[in-house]
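These features come from TrEMBL:
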type     : residues : note
REGION   : 61-86    : region 'Disordered'
COMPBIAS : 75-86    : compositional bias 'Basic and acidic residues'
DOMAIN   : 93-108   : domain 'CCHC-type'
REGION   : 110-132  : region 'Disordered'
C-alpha cells in the first residue's frame, strides 16, 4: 500500500483540446491517492459533519489546482525566453559552419535572404510632390537569372531600348542620339538600387520602329550615369496609347494603329527597332541636288532604300549616287499598318 500512496500523477488544466475522458480519469486517480474521492461522488456521507464535508471538498479542489501549477511551473511562459538561456557556445551552424549560433539565427544566411528579397521585390514608382528640385523615381525591372538589371551598376552602355512600366519618363544616356539637345538642370532621378543620377537635359530622339517608320520620342531625359535606354509605358499611356501583351510580344497602339512592338527577353521587353541619328524620314540622309534618288524612288512605286540600293549595285539606276532620300510623308503615311478589328458578337431580338 505504501507504494501506491507514493505514486505521482501529473494533471494539467483542461484546455478544451485534449480528450476529456482521459483528463477526467487522471483527476479521479489523483483524488483517490489523496483520499479525496468522496467529494467527487457528490453525496455527503451521513456519518460526516457538514463542516468536515465542506473542508474535504475544498481540499479536493485545491489539490487539483495546486498539482496543476506545481507540475507545470513554466506553463504559459514565452518559449523563446527559456530557449534563450541555453548555452549555444558549442553549437555549430550547418549553414556557415561557425560555432556559437544556429542556422535560424545565422547572420550570413539572413543577409543572403534579405538580398534576394531586395532583388525580387517590385518597387512602387512615384513622384515626390514635396521635393523642390523635381526629383523623379525610377524602378527597375529585374530578372535575376538572366542578369538583366536596369541600374547604374552595369559596366557597358546599351544600344537597345527597353519598355519599362516602372520608370517615370523616357530616359537615355547617349547624348549623340538627341536632336539639338540643350543642357539644363532637370533635377535628379532615384534608381532602383537607391543611386541618385542627375538629369542633364530634355529633348527628342528618333527611333525607326518595327514597320520601318521613324517616330519621334518626346521629352526624353538625358541621364549620363544611366546604362540602359528606357521607354516609359506610363508616359505612353498618358498620351492615350493602349498596351497589350500576348505570346511574349508587347504592342503599343495609338487608336487602331500599332506604333511600337517589344519582344520578351527574360522578364524584360526589348523594343523592336533602332535609334536614328539625324532627320526622321524614309531615309536619314538628304541627297544632293544632282542625285536622282528621289526621282527613281517615285518611278519605281516608292521603292524602299534597300531595293534601290540593290538596283544601284547592278548599275540599273541612271544618275543615282547615294540611294539616300529626304523625308517623304506619302511613304510614311502610306506604309502605316492598322490592327484588325476586334471580333464582336450581336444577338438579334
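Keep in mind that glycine also has a Cβ here, set from the backbone N, Cα and C atoms.
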Under the DSSP assignment, what numbers of helix, strand and coil residues are found in the domain 'CCHC-type' (93-108)? 5 helix, 1 strand, 10 coil
Over the domain 'CCHC-type' (93-108), what does the predicted model average in pLDDT? 83
